[in-house]
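Lifted from Swiss-Prot, the feature list:
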type: BINDING; residues: ALA11, PRO12, SER13, GLY14, ALA15, GLY16, LYS17, SER18; note: ATP binding site
type: DOMAIN; residues: 4-184; note: domain 'Guanylate kinase-like'
Amino acid sequence: MAQGTLYIVSAPSGAGKSSLIQALLKTQPLYDTQVSVSHTTRAPRPGEVHGEHYFFVNHDEFKTMIGREAFLEHAEVFGNYYGTSRETIEQVLATGVDVFLDIDWQGAQQIREKMPQARSIFILPPSKIELDRRLRGRGQDSEEVIAKRMAQAVAEMSHYAEYDYLIVNDDFDTALSDLKTIIRAERLRMSRQKQRHDALISKLLAD
(Lines of atoms letter the chains of each structure in order from A and count residues from 1; the text may use other names and numbers.)
(Lines give C-alpha, C1' and ligand atoms only; values in the text may rest on other atoms or scores of the structure.)
Protein backbone atom coordinates (compact mmCIF):
# COMPACT_ATOMS: atom_id res chain seq x y z
CA MET A 1 0.00 0.00 0.00
CA ALA A 2 1.24 3.48 -0.88
CA GLN A 3 2.25 5.63 2.09
CA GLY A 4 0.15 8.74 2.68
CA THR A 5 1.65 12.23 2.69
CA LEU A 6 1.79 14.59 5.65
CA TYR A 7 0.89 18.15 4.62
CA ILE A 8 1.91 21.03 6.85
CA VAL A 9 -0.32 24.06 6.22
CA SER A 10 0.53 27.46 7.69
CA ALA A 11 -0.83 30.97 7.26
CA PRO A 12 -1.37 34.18 9.19
CA SER A 13 -4.68 34.59 10.99
CA GLY A 14 -7.26 35.81 8.47
CA ALA A 15 -5.69 34.23 5.39
CA GLY A 16 -8.43 31.61 5.14
CA LYS A 17 -6.36 28.54 5.94
CA SER A 18 -8.97 26.70 8.02
CA SER A 19 -11.75 27.43 5.52
CA LEU A 20 -9.63 26.10 2.65
CA ILE A 21 -8.74 22.90 4.50
CA GLN A 22 -12.37 22.26 5.45
CA ALA A 23 -13.53 22.93 1.88
CA LEU A 24 -10.87 20.53 0.57
CA LEU A 25 -11.96 17.78 2.95
CA LYS A 26 -15.54 18.04 1.71
CA THR A 27 -14.30 17.12 -1.77
CA GLN A 28 -12.10 14.23 -0.62
CA PRO A 29 -13.28 10.84 0.71
CA LEU A 30 -12.34 10.09 4.32
CA TYR A 31 -10.20 7.15 3.23
CA ASP A 32 -8.02 9.55 1.20
CA THR A 33 -7.60 12.63 3.39
CA GLN A 34 -7.89 13.52 7.09
CA VAL A 35 -7.00 16.39 9.39
CA SER A 36 -4.52 15.68 12.17
CA VAL A 37 -6.07 15.43 15.64
CA SER A 38 -3.84 16.99 18.30
CA HIS A 39 -3.39 16.13 21.96
CA THR A 40 -4.20 18.88 24.46
CA THR A 41 -4.39 19.42 28.20
CA ARG A 42 -7.19 21.99 28.02
CA ALA A 43 -10.71 21.03 29.03
CA PRO A 44 -13.15 20.00 26.28
CA ARG A 45 -15.51 22.72 25.09
CA PRO A 46 -19.23 22.02 24.58
CA GLY A 47 -19.71 19.74 21.60
CA GLU A 48 -16.07 18.64 21.36
CA VAL A 49 -15.51 14.89 21.11
CA HIS A 50 -12.41 13.07 22.36
CA GLY A 51 -10.53 11.60 19.41
CA GLU A 52 -12.42 13.70 16.88
CA HIS A 53 -11.59 17.29 17.77
CA TYR A 54 -8.69 16.62 20.17
CA PHE A 55 -7.24 13.86 22.29
CA PHE A 56 -7.84 15.29 25.78
CA VAL A 57 -5.19 14.31 28.35
CA ASN A 58 -4.05 15.70 31.70
CA HIS A 59 -0.77 17.54 32.30
CA ASP A 60 0.99 14.49 33.73
CA GLU A 61 0.07 12.36 30.72
CA PHE A 62 1.23 15.08 28.35
CA LYS A 63 4.57 15.52 30.13
CA THR A 64 5.09 11.75 30.08
CA MET A 65 4.57 11.82 26.31
CA ILE A 66 7.10 14.66 26.01
CA GLY A 67 9.59 12.55 27.96
CA ARG A 68 9.03 9.64 25.58
CA GLU A 69 9.55 12.00 22.62
CA ALA A 70 6.08 10.99 21.47
CA PHE A 71 5.36 14.33 19.80
CA LEU A 72 6.44 15.57 16.39
CA GLU A 73 5.89 19.03 17.82
CA HIS A 74 4.36 20.55 20.93
CA ALA A 75 3.83 23.98 22.43
CA GLU A 76 2.32 25.69 25.45
CA VAL A 77 -0.44 28.21 24.75
CA PHE A 78 -2.01 30.20 27.60
CA GLY A 79 -1.11 27.56 30.16
CA ASN A 80 -2.32 24.59 28.12
CA TYR A 81 -0.23 22.16 26.10
CA TYR A 82 -0.90 21.13 22.51
CA GLY A 83 1.01 18.49 20.58
CA THR A 84 1.03 16.31 17.48
CA SER A 85 1.55 12.61 18.20
CA ARG A 86 4.12 10.91 15.99
CA GLU A 87 2.49 7.50 16.48
CA THR A 88 -0.98 8.76 15.54
CA ILE A 89 0.29 10.45 12.37
CA GLU A 90 2.41 7.47 11.30
CA GLN A 91 -0.47 5.01 11.83
CA VAL A 92 -2.77 7.03 9.56
CA LEU A 93 -0.09 7.60 6.91
CA ALA A 94 0.64 3.86 6.85
CA THR A 95 -2.92 3.23 5.65
CA GLY A 96 -2.30 5.42 2.59
CA VAL A 97 -4.31 8.36 3.91
CA ASP A 98 -2.99 11.91 3.46
CA VAL A 99 -2.95 13.95 6.68
CA PHE A 100 -3.30 17.73 6.94
CA LEU A 101 -1.71 19.52 9.86
CA ASP A 102 -2.80 23.11 10.52
CA ILE A 103 0.14 24.64 12.37
CA ASP A 104 2.34 27.75 12.67
CA TRP A 105 5.85 28.15 11.26
CA GLN A 106 7.54 27.17 14.54
CA GLY A 107 5.68 23.88 14.71
CA ALA A 108 6.40 23.36 11.02
CA GLN A 109 10.13 23.65 11.67
CA GLN A 110 9.94 21.03 14.43
CA ILE A 111 8.08 18.61 12.17
CA ARG A 112 10.43 19.07 9.20
CA GLU A 113 13.34 18.05 11.43
CA LYS A 114 11.61 14.79 12.37
CA MET A 115 9.70 14.08 9.14
CA PRO A 116 11.63 15.71 6.28
CA GLN A 117 9.41 13.90 3.77
CA ALA A 118 6.42 16.05 4.80
CA ARG A 119 5.17 18.59 2.25
CA SER A 120 4.49 22.14 3.37
CA ILE A 121 2.09 24.76 2.06
CA PHE A 122 1.95 28.44 3.01
CA ILE A 123 -1.16 30.53 2.37
CA LEU A 124 -0.93 34.30 1.92
CA PRO A 125 -3.67 36.95 1.86
CA PRO A 126 -3.77 39.11 -1.30
CA SER A 127 -2.81 42.29 0.59
CA LYS A 128 -2.46 43.82 4.05
CA ILE A 129 -5.60 45.85 3.38
CA GLU A 130 -7.60 42.70 2.70
CA LEU A 131 -6.08 40.94 5.71
CA ASP A 132 -7.07 43.89 7.91
CA ARG A 133 -10.60 43.78 6.46
CA ARG A 134 -10.93 40.07 7.20
CA LEU A 135 -9.69 40.49 10.77
CA ARG A 136 -12.14 43.34 11.35
CA GLY A 137 -14.92 41.36 9.72
CA ARG A 138 -15.00 39.05 12.72
CA GLY A 139 -16.39 41.97 14.71
CA GLN A 140 -15.09 40.70 18.03
CA ASP A 141 -11.67 42.31 18.50
CA SER A 142 -10.57 45.74 19.72
CA GLU A 143 -8.21 47.99 17.74
CA GLU A 144 -5.40 46.92 20.05
CA VAL A 145 -6.05 43.23 19.41
CA ILE A 146 -6.32 43.78 15.65
CA ALA A 147 -3.01 45.67 15.63
CA LYS A 148 -1.41 42.81 17.56
CA ARG A 149 -2.82 40.23 15.14
CA MET A 150 -1.51 42.22 12.18
CA ALA A 151 1.98 42.32 13.72
CA GLN A 152 1.82 38.57 14.35
CA ALA A 153 0.67 38.05 10.76
CA VAL A 154 3.67 39.91 9.36
CA ALA A 155 6.00 37.85 11.55
CA GLU A 156 4.34 34.62 10.37
CA MET A 157 4.44 35.64 6.70
CA SER A 158 8.17 36.35 6.88
CA HIS A 159 8.72 32.55 6.94
CA TYR A 160 6.83 31.81 3.69
CA ALA A 161 10.01 30.86 1.79
CA GLU A 162 10.61 27.90 4.12
CA TYR A 163 7.66 26.07 2.52
CA ASP A 164 7.38 23.88 -0.58
CA TYR A 165 4.26 25.53 -1.99
CA LEU A 166 2.74 29.01 -1.87
CA ILE A 167 -0.94 29.86 -2.40
CA VAL A 168 -2.37 33.40 -2.47
CA ASN A 169 -5.96 33.34 -1.23
CA ASP A 170 -7.42 36.22 -3.24
CA ASP A 171 -10.28 34.31 -4.83
CA PHE A 172 -11.38 31.40 -2.60
CA ASP A 173 -12.35 29.03 -5.42
CA THR A 174 -9.04 29.62 -7.20
CA ALA A 175 -7.09 29.05 -3.98
CA LEU A 176 -9.04 25.83 -3.35
CA SER A 177 -8.30 24.68 -6.90
CA ASP A 178 -4.60 25.39 -6.30
CA LEU A 179 -4.69 23.33 -3.12
CA LYS A 180 -6.36 20.42 -4.92
CA THR A 181 -3.74 20.65 -7.68
CA ILE A 182 -0.92 20.33 -5.15
CA ILE A 183 -2.50 17.20 -3.66
CA ARG A 184 -3.07 15.69 -7.08
CA ALA A 185 0.50 16.36 -8.18
CA GLU A 186 1.93 14.84 -5.00
CA ARG A 187 -0.16 11.70 -5.49
CA LEU A 188 1.30 11.34 -9.00
CA ARG A 189 4.91 11.37 -7.77
CA MET A 190 6.91 8.34 -8.87
CA SER A 191 7.40 7.06 -5.31
CA ARG A 192 3.65 6.90 -4.63
CA GLN A 193 2.61 5.68 -8.06
CA LYS A 194 5.25 2.94 -7.96
CA GLN A 195 3.86 1.65 -4.67
CA ARG A 196 0.24 1.98 -5.76
CA HIS A 197 0.72 0.17 -9.08
CA ASP A 198 3.41 -2.30 -8.04
CA ALA A 199 1.41 -5.37 -9.18
CA LEU A 200 0.61 -3.81 -12.56
CA ILE A 201 4.22 -2.78 -13.16
CA SER A 202 5.46 -6.28 -12.29
CA LYS A 203 3.05 -7.82 -14.82
CA LEU A 204 3.94 -5.31 -17.53
CA LEU A 205 7.66 -5.95 -17.12
CA ALA A 206 7.42 -9.72 -16.78
CA ASP A 207 9.02 -11.81 -19.52
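Including glycine, each Cβ sits where the backbone N, Cα and C put it.
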CB contacts for SER18 (ATP binding site) [other CB atoms within 10 A, all chains]: 14
Out of the binding-site residues PRO12, GLY14, the residue with the smallest number of other Cβ atoms within 10 Å is GLY14
Hey, does DSSP put GLY16 (ATP binding site) in a helix, a strand, or just coil? coil
Other than ALA11, PRO12, SER13, GLY14, ALA15, GLY16, LYS17, SER18, the chain contributes near ATP (Cβ within 8 Å of their centroid) the residues ILE123, PRO125, ASN169
Among all protein chains shown, how many Cβ atoms are found within 10 Å of the Cβ of ALA11 (ATP binding site), not counting that one? 25
Let me know the DSSP-derived helix, strand or coil state of ALA11 (ATP binding site), please. coil
Show which residues of the chain containing SER13 (ATP binding site), separated from it by at least 6 in sequence, have their CB under 8 Å from its CB. LEU135, ARG149, GLN152, ALA153
